[in-house]
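**Q** TrEMBL lists B:D66 with the feature active site, proton acceptor. The Zn(2+) 1 binding site annotation in TrEMBL covers B:H62, B:H64, B:H142, B:D213. Annotation comment: TrEMBL describes B:D66, B:H67, B:D213, B:H271 as Zn(2+) 2 binding site.
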There are 2 protein chains.
Amino acid sequence: MSLHLTILGCHSATPRVNAYPTAQYLEINNRHFLIDCGEGTQRQMRKYKVGFSKINHIFISHLHGDHFFGLVGLISTFGILNRERELHIYGPKGIKEVTILQLKVSKSWTKYPIIFHELDSKESELIFEDDKISVRTIPLDHRIYTNGFLFTEKPKPRKLHIENIQQYNEIETCDFHNIKAGKDFILSTGEVVPNEELTIDPPKPLSYAFCSDTAYKPGIVSIIKDVDLLYHEATFLKDREDLCEKTKHSTAEQAASIAYQANAKKLVIGHYSSRYNNLEDFKAEAQTIFKNVELAEAGKLYSTDDFPIEILN
Amino acid sequence: MSLHLTILGCHSATPRVNAYPTAQYLEINNRHFLIDCGEGTQRQMRKYKVGFSKINHIFISHLHGDHFFGLVGLISTFGILNRERELHIYGPKGIKEVTILQLKVSKSWTKYPIIFHELDSKESELIFEDDKISVRTIPLDHRIYTNGFLFTEKPKPRKLHIENIQQYNEIETCDFHNIKAGKDFILSTGEVVPNEELTIDPPKPLSYAFCSDTAYKPGIVSIIKDVDLLYHEATFLKDREDLCEKTKHSTAEQAASIAYQANAKKLVIGHYSSRYNNLEDFKAEAQTIFKNVELAEAGKLYSTDDFPIEILN
């Protein structure tokens, strides 16, 4: 069980010299995902040593430029790097047409398959699942159709309590599978050895929720309840809550309120408007509601090992 | 008369941490043009202090990603910056559809007008003209439809030779217009004062030719003859001329040969393949044919005042 989030870009609207738009690289349970892909994301991936070949699934929250204008360039670069493995792209309806047209006009068809998973449901839905991970949408409230994404590890089998098992000569290796699956063991005497005696709890599955961009939407709390790590946009401070209403964004306080209601373990905020010079003000505002807050910063790596923060070179 | 070229990006294929794809900012005779617009161009414009509001005309050579994937982001940013003035975009047929679709899916229509000038001629044609400048296409030979661009200052009127004029009491201020236009002056005696005695030559109009991407194409020499500054792509060294044939690019030697045949005053080369670590090899190879060569480098400013080179902060 592991969860590492690398921020590649965390500013709103337009790329600037040292302020890249939204993109994140998530490693969870040995799966690797790219989330959003603003202009310059591939440059940031190179800078922070994200292996291009690890990315097989890209999740795009919505089709505003600061969340997807870097996608077609990345797709092209994968082609130049002779990628062969298929690439899955999850995003709003329209993402396929706009991507394909750009490849068409440049006559730069990729040799690897691209599989588009176009989304249009307004309800939370399961969009990816394998033996290690599931991904659900988190329907958000923005100016255009937008989803956040909830990444959750699959529960692992229970762990064997070897010392206790060794007390019972009757239990053979071939029984371990059932015991790990949670079954009690019945001795030849008919006595039942409860599973809790033979196993210990596996590590709790970890989860990560990505919520950008959105107006304050308490309706998402039930979807992200008890999440380990929550990224929630905080475009404005509450002094400009009027702009949140107009642009369908959140304040730092609103992001913190969502984290509090969801009982998140940690909150990371980002998508700062360029009107603010001092990002610490975002943290201070959020901490009036929810203590465990970090500011998103390009190159910052958030890990679940008590969430230490590491700055990448 | 003035010509300043700022390189914003000069590498081929994919953006890397410190290697941006093609984009150039040209100031010529007080007009300001953006030429090509690879991913990250707006970031480079900010870095090198190119005023966004100065750009009213953007010229796109072809629709490979490393020459236009930054365009829609720049268009969006102009919108965010509340631009009102119309923007003219010159590029291959298809550029309008692909740009409009991206704005459509993001519901980010600009409030300022965008006028697309779609090109499909295989002959050199005049595509922009005002009282100071003209711009012609330079049809190139690449894998997809591609044009270079020749920017030429309009000739200025002849300058008055005041000292000589003062020898003739009969010449009045109202005669200056005709004299500047090159006419002789006829004295009341019937004697003709030749124009060469009354005027001096104006500064020679300057010109800049942008040629990227292209296979070696001597056919362009007649279009760019005697150009002051020539940018010509040099993707490979001649050790990989085989790749030039396959990819329709040029070697440094071929770029220099074009400069030599065109009698260019100065050659700037760029669009280097990432396979080469030492860019000085490009310069050395070109200089076997044509001495006055500079390597394109992001942030380098080329001026016509004997073409000193300045590195911007």
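Any Cβ shown, glycine's included, is placed from N, Cα and C.
Quick one: how deep are these features, and who are their neighbours?
**A** The 10 Å shell around the Cβ of B:D66 (active site, proton acceptor) contains 28 further Cβ atoms across the protein chains shown. In the three-state DSSP scheme, B:D66 (active site, proton acceptor) is classed as helix.
Every protein chain shown contributes to the tally, and the Cβ of B:H142 (Zn(2+) 1 binding site) ends up with 21 other Cβ atoms within 10 Å.
Every protein chain considered, the tally of other Cβ atoms within 10 Å of the Cβ of B:D213 (Zn(2+) 1 binding site) stands at 26. In the three-state DSSP classification, B:D213 (Zn(2+) 1 binding site) falls within coil.
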**Q** Roughly how many Å lie between the Cα atoms of B:H64 (Zn(2+) 1 binding site) and B:H271 (Zn(2+) 2 binding site), rounded to a whole value?
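**A** Cα-Cα distance, B:H64 (Zn(2+) 1 binding site) to B:H271 (Zn(2+) 2 binding site): 13 Å.
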**Q** Return the residues near B:H67 (Zn(2+) 2 binding site), defined as same-chain residues 6+ apart in sequence whose C-beta is under 8 angstroms from its C-beta, sorted by sequence, else 'none'.
**A** B:P21, B:T22, B:D36, B:C37, B:G38, B:I60, B:S61, B:S212, B:D213
**Q** What is the separation, in Å, between the Cα atoms of B:H142 (Zn(2+) 1 binding site) and B:H271 (Zn(2+) 2 binding site)?
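**A** So the alpha carbons of B:H142 (Zn(2+) 1 binding site) and B:H271 (Zn(2+) 2 binding site) sit roughly 14 Å from each other.
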**Q** I'd like to know which binding-site residues lie near chain A: of B:H64, B:H67, B:H142, B:H271, which have a CB under 8 A from one of its CB atoms?
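**A** Checking chain A against the binding-site residues, the residues within range (Cβ-Cβ under 8 Å) are B:H64.
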**Q** Taking only same-chain residues 6+ apart in sequence, whose CB is under 8 Å from that of B:H271 (Zn(2+) 2 binding site), what do you get?
**A** B:C10, B:H11, B:S12, B:T22, B:S212, B:D213, B:E233, B:A234, B:T235, B:H249, B:A296
**Q** Within 8 Å of the centroid of the Cβ atoms of B:D66, B:H67, B:D213, B:H271, which other residues of that chain place their own Cβ, given that this set defines the recorded Zn(2+) 2 site?
**A** B:S12, B:A13, B:P21, B:T22, B:D36, B:G38, B:S61, B:H62, B:H64, B:S212, B:E233
**Q** List the other residues in this chain whose Cβ sits within 8 Å of the Cβ centroid of the Zn(2+) 1 site residues B:H62, B:H64, B:H142, B:D213, in sequence order.
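**A** Same chain, not in B:H62, B:H64, B:H142, B:D213, Cβ within 8 Å: B:S61, B:L63, B:H67, B:L140, B:R143, B:I144, B:T146, B:S212, B:T214, B:K248.
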